[in-house]
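Below you'll find the structure, written out as structure tokens, and then a few comments.
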Amino acid sequence: MGGRRGPNRTSYCRNPLCEPGSSGGSSGSHTSSASVTSVRSRTRSSSGTGLSSPPLATQTVVPLQHCKIPELPVQASILFELQLFFCQLIALFVHYINIYKTVWWYPPSHPPSHTSLNFHLIDFNLLMVTTIVLGRRFIGSIVKEASQRGKVSLFRSILLFLTRFTVLTATGWSLCRSLIHLFRTYSFLNLLFLCYPFGMYIPFLQLNCDLRKTSLFNHMASMGPREAVSGLAKSRDYLLTLRETWKQHTRQLYGPDAMPTHACCLSPSLIRSEVEFLKMDFNWRMKEVLVSSMLSAYYVAFVPVWFVKNTHYYDKRWSCELFLLVSISTSVILMQHLLPASYCDLLHKAAAHLGCWQKVDPALCSNVLQHPWTEECMWPQGVLVKHSKNVYKAVGHYNVAIPSDVSHFRFHFFFSKPLRILNILLLLEGAVIVYQLYSLMSSEKWHQTISLALILFSNYYAFFKLLRDRLVLGKAYSYSASPQRDLDHRFS
């Protein structure tokens, strides 16, 4: 009830949980510890609101014990790219069956055909360009493996040089020869449809490039009228941006080769900096997955259809269905490679250190002690803080996140449970397999039966690896959950 503060009304202090700079340092072990918060404060009496802020003098930031997961086998980059290229070739092959199938089983009274495909209608130059585009990652992995630097024998260095020279020469010659033929045969609109995804490839990936290092946007924003006219400066800035984008793209192209590490520290500012870096790295990997999967599905499902003659009949519904199947399957395979178990565990550790805040209605906690949030404090679980005229409740064991930062909340939501990404991939791949099995049983056309049967094999292999990782990691995290509960009860 409202009223004037009388002489017998108790006044409570609103000191912060810890002084700025009191929580710092780092530890390289798997167990993190934090000092006991010893600020004296008492909670106000709660008038039936159901919310309470625990006495901070008895609160302890519970130490985290990170789970040691087993090292699961990671597929080599060149083998993974070969597997992905083989799956895309299968999808391209079954689409060509859908487009150029024949009626070879008809009697001679009908238009006969001695082959199952109309090979005379297939443009092999277009097929060559499509194959090179689909195999760009595999070609890049071969060149990278053949460009290894170090102490190698003379025979091995000559062999690597010949391999790199042969692959690049054969790819460049085949691509140039096929493109010249296509430029002479088709219209400008067809060629634009063929090549325009590459015009969006670098700019799309460039959006996530760390341009703060190059200060490109700051430089462009501060340019005067005379500098803006200078074409040389623009070209240099654009080339610099392309170089940084391509460097980051090639670093992430082969997944586990460049895996970030986790610094198990107690400094709130360092924890937030680590989370920002991991967010950038994760967004880049997801962008690589999105671009690669859409590009593969585009060249498998849409490009062959666009260059078909108007008088030629094909199943348009099956082409659209194949586009969805290829894009989803490629996305799952790439995410499984770019987001391995060790990387998901790293994100989980960072989310556990970051913590999370839950927004609370101020009317429900008007009689509960609310501490002003400070960025250098490590807040224990259950504490109420006031930030930006709102009230938040600490949810995690460690809580160093900014309460009003939505990106911190999303990061903790996705990665607080280490198996969440793996479960999503497993459910998605399982749904695709169930749909393909249903389509296979209900299919009445021979080319669709062959297509679904071939595509299913690649999805079976991806599903097997996901299920294996899920079972192994599920056991590992369940074993580590019981000691953590005992530790929580000991400090509570």
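Quick reminder: no glycine exception, Cβ is built from N, Cα and C everywhere.
What Swiss-Prot says about this protein:
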COMPBIAS  28-53  compositional bias 'Low complexity'
CARBOHYD  ASN8  N-linked glycosylation site
REGION    1-54  region 'Disordered'
TRANSMEM  77-97  transmembrane segment
TRANSMEM  115-135  transmembrane segment
TRANSMEM  153-175  transmembrane segment
TRANSMEM  185-205  transmembrane segment
TRANSMEM  288-308  transmembrane segment
TRANSMEM  322-342  transmembrane segment
TRANSMEM  421-441  transmembrane segment
TRANSMEM  447-467  transmembrane segment
Worksheet item: Counting Cβ pairs under 8 Å that sit 6 or more residues apart, are there three or more between the transmembrane segment (115-135) and the transmembrane segment (421-441)?
Response: no
Between the transmembrane segment (77-97) and the transmembrane segment (421-441), are there three or more C-beta pairs closer than 8 Å, counting only pairs 6 or more apart along the chain?
no
The answer for the transmembrane segment (288-308), taking Cβ pairs under 8 Å and residues 6+ beyond its ends, is 88, 91-92, 95-96, 99, 123, 126, 130, 133-134, 137, 186, 190, 193-194, 197, 201, 204-205, 249, 252-253, 314, 316, 319-320, 322-324, 326-328, 330-331, 334-335, 338
